[in-house]
Amino acid sequence: MVHFQLPVAAPLCLLCALLLLPSATMIPGGLSPRSVSDPDVQKAAAFAVQEYNARSANAHYYKELRVVEAQSQVVAGEKYYLMMELVKTKCAKTAGKPKVYKEIQNCELPPKAQQEKLTCHFQVWSRPWLDKTELTKMSCN
């Protein structure tokens, strides 16, 4: 009788062992949490802010207050899913003279009571071997 239960017990034990694996185990192609201070996340965030400013019709630049949450996904490169807080600066945009990220981050802010903040969700797709980074999705409110 024990002989017939062994083939059933082995797969059951394997299933239980798999369920006990840490939830942070990376699933190929799945989303993985990333530290907001990770250098690759910071690089993607800087790119997102620069692209936001290039695409927005605002007369002033917005700069990064903080990265709230970051995830990444391996997809023919790496796609970063970022939730960020941006704030409107006193730096006005000048036609033909766009500022780079570091310049934008040095822009002064209005007094706290007058600050305009945005929460933005960005998707940044990085393919370093092609020297290519794209902002594939952006929504702010």
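Note: Cβ is positioned from N, Cα and C throughout, glycine not excepted.
Between C107 and the candidates C91, C120, Swiss-Prot records the disulphide pairing with C91. Note on Swiss-Prot: of 73-77, 78-82, 118-122, the range annotated with the feature motif 'Secondary area of contact' is 73-77. Broken down with DSSP, the motif 'Secondary area of contact' (73-77) shows 0 helix, 2 strand, 3 coil. Using a 10 Å Cβ-Cβ cutoff, C107 (disulfide bond) registers 17 neighbours. Residue counts of the domain 'Cystatin' (29-129) by helix, strand and coil are 27 helix, 44 strand, 30 coil (DSSP-based). Of all Cβ atoms in the shown protein chains, 19 besides its own fall within 10 Å of the Cβ of C120 (disulfide bond). Counting in whole angstrom, G29 (site 'Reactive site') lies 40 from C91 (disulfide bond) by their C-alpha atoms.
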